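Structure record follows, encoded as structure tokens.
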Amino acid sequence: MSLPATPPATSPVTLPAVVPVDVASPWRLSVAPMLDWTDRHCRHFHRLLTRQTRLYTEMVTTGALLHGDVHRHLDFDGVEHPVALQLGGSEPADLAACARLAQRWGYDEVNLNCGCPSERVQRGAFGACLMAEPALVADGVKAMRDAVDIPVTVKHRIGIDRIERYDFVRDFVGTVAEAGCEVFIVHARNAWLQGLSPKENRDIPPLRHELVHQLKRDFPQLTLVINGGIRSDDEIAHHLHHVDGVMVGRQAYHEPWQMAGWDARFFGAATPFEDRRAVEDAWIAYLQRGHEAGRPWTQAMRHALGLWNGVAGARAWRQFWSDARQREQAPDLLHARAPRPGVAGAPQTNTLSQAASDARG
Ligand SMILES: Cc1cc2nc3c(=O)[nH]c(=O)nc-3n(C[C@H](O)[C@H](O)[C@H](O)COP(=O)(O)O)c2cc1C
């Protein structure tokens with residue numbers, strides 16, 4: 001007797017009542033890799049706000065690592081853990097060599113970028129264009145997994161150009177998972193490889209979060225992390241019902257104080273610092289240590305300029321700390337006369353001219 005090709009219309013549809021997401025996943029919450037932004041200073045600042053959230057480096061290309069200054073690209077501070085190195089590349093032997101470096105340097109994960117649409121990256125035949133070559137990605141993942149014990153993960157888009165079909169991303173994940181990748185971070189929009197700048201490619205192709213939820217349903221054994229356009233804590237909480245983790249990029253960078261609530265809300269852990277002033281004090285102490293070791297502090301300070309956003313006096317504070325004319329001065333001396341947002345009677349306008357004349361006097 002042959003079985004019917006489709007179940008009779010009356011048979012109950014059995015969808016899992018609850019998606020088996022891993023509430024204790026190390027990927028529960030993370031800050032996205034962002035070129036020129038998530039350098040080691042930025043990650044240090046983010047650590048003052050959240051101890052539990054996973055942090056990612058900027059993308060480092062295999063070429064830069066194998067032929068450039070490894071210390072400059074890889075050195076980081078132990079307080080940044082858990083921290084992942086993101087690689088850009090496609091040659092399996094090079095990826096394996098770089099994964100070994102990542103492990104030797106003490107990174108907690110090595111992540112392969114299959115989502116960057118920039119033309120420079122496309123010329124190097126990596127980034128988002130790798131989504132068209134899942135077998136090559138699988139080879140790269142396998143080579144890296146053979147080389148290291150730390151997790152090897154992949155960050156990708158839901159499609160490239162005008163390919164909107166769900167089975168494109170499903171097959172990509174399936175092929176790469178067969179090579180042993182267990183964690184997929186999915187930026188839930190296509191990458192349009194022609195005609196859009198990388199910035200436009202982060203805004204214009206429509207977001208389709210439901211495709212990432214669907215991936216989790218189709219691959220319940222894999223860790224699925226959703227990324228793209230997620231801003232509020234309530235949105236994060238919503239996605240955590242459907243996937244194992246949420247990765248936040250621009251919102252975390254521009255509104256860093258939001259992260260101060262994450263350890264308590266999403267991990268049931270203590271908050272590192274109760275108020276912004278305490279974060280500012282710890283951050284300036286970090287800048288001061290760098291200054292005393294001869295490192296300019298202004299490049300690091302730019303990552304913290306959103307700390308007081310939303311509080312009266314934030315603008316004056318931002319202007320004070322971003323004024324290039326005081327870059328030679330010690331951060332702790334500047335701190336003593338910086339505007340104090342939120343303090344009644346504190347100057348609400350730029351006090352720089354006053355500060356500059358104090359400094360001259
Ligand atoms: C300035 C900037 C640089 C970025 N650089 C990288 C990168 O190096 N590697 C990467 O995988 N994604 C990079 N991205 C993309 C982010 O990781 C993230 O996927 C994207 O911003 C969408 O998330 P969001 O809407 O939460 O910001 C970058 C994004 C920004 C804004």
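Using the three backbone atoms N, Cα and C, a Cβ is placed for every residue, glycine included.
Curation does not apply to TrEMBL; its annotations are automatic.
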With PRO33, MET34, LEU35, GLN86, LYS155, ASN227, GLY228, GLY229, GLY249, ARG250 listed by TrEMBL as FMN-binding, which of these, HIS187, HIS291, HIS303, is given for the same site?
HIS187
CA-CA, which of the recorded positions PRO33, CYS116, LYS155 lies nearest ARG318 (site 'Interacts with tRNA')?
PRO33
Running a distance check here. Ligand 1 versus the recorded positions LEU35, ARG202, ARG250, ARG318: which have CB less than 6 Å from one of its atoms?
LEU35, ARG202, ARG250
Give, as a single whole number between 0 and 100, the mean pLDDT over the domain 'DUS-like FMN-binding' (31-333).
96
Nearest by CA distance to ARG315 (site 'Interacts with tRNA'): which of the binding-site residues is it, out of PRO33, LEU35, LYS155, ASN227, ARG250?
ARG250
A correct count of other C-beta atoms within 10 Å of the C-beta of ARG250 (FMN binding site) gives 16
Determine the C-alpha span of the FMN site listed in the record, that is the greatest distance between any two of PRO33, MET34, LEU35, GLN86, LYS155, HIS187, ASN227, GLY228, GLY229, GLY249, ARG250, in Å to the nearest whole number.
20
